[in-house]
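Take a look at the structure below.
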């Protein structure tokens, strides 16, 4: 399922003293089966784009096209409902959306809300809970008795149970320890390998380098760079000027270059750095 934004602008709190422009004439494509990352400083418009992708917001001007279904400023909620089923949005702290009395009921709620039978919804819930590493002995527990990391996985399972074709992740590992973050990113990698389109907002450049195949860089509501991670992270000075930074190995390689060691193309992953050091 591909997504296309054509001349999209977004203004929040229109007609109030707090009115402000969040996005300016955004044009972009998210290809079917891709792993696309969005990076940018706070207030750059990343989260606004994420909420446009599944119809949580509608554009002030322009068109958001999801699998050839258009969302405009005039789109009605009932017209957008099918898009929300196919484009799952995982918020920064998704566990805050948990509310049912048991883990299993919470994950099954979404599919039932879209008309799936209780039996099929429960089967989906069990499948997706297993996928995110929640063991069966936790299914009947209250979600709020779980650890923070487990609650996050349950919330993500609830999104996956609705069988989205696109998974939109807004800082999905925020607040997790390194082990929990890596485990969650591995789950998303497996989903991508199975054919799901992944859209990631993150401030962790190593995750962009290790997982994404395309990157959009935003600044003050505009796209200032786009391309493959390898290409984007050659722009060390620009990214640091925008307070974004680069992957750790890229920063190390840049220091070597600054000391006179010739490196034709800065590595962005540990594997690439090993190759550079091996071959000189």
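From the backbone N, Cα and C atoms, a Cβ is placed for every residue, glycine too.
According to Swiss-Prot, the features are:
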DOMAIN    3-245  domain 'ABC transporter'
BINDING   40, 41, 42, 43, 44, 45, 46, 47  ATP binding site
Query - Additional residues around ATP, ordered along the sequence, whose Cβ is within 8 Å of the centroid of 40, 41, 42, 43, 44, 45, 46, 47 - result: 218, 219
Requested in this report: Measure from the Cβ of residue 47 (ATP binding site) and count the other Cβ atoms within 10 Å, all protein chains considered.
Outcome: 19
**Report entry** Sparsest Cβ surroundings (other CB atoms within 10 Å) among the binding-site residues 41, 46
**Finding:** 41
Query raised in the report: Of all the binding-site residues here, 40, 43, 45, which one's CB has the most other CB atoms within 10 A?
Result: 40
Query raised in the report: Where does residue 46 (ATP binding site) sit in DSSP terms: helix, strand, or coil?
Result: helix
Query raised in the report: Secondary structure at residue 41 (ATP binding site) (DSSP, helix/strand/coil)?
Result: coil
Report summary line: Cβ-Cβ distance under 8 Å, sequence separation of 6 or more, same chain as residue 44 (ATP binding site); the residues meeting this, in order, are 218, 219, 220, 221
Query raised in the report: Quick one: mean pLDDT on the domain 'ABC transporter' (3-245)?
Result: 94
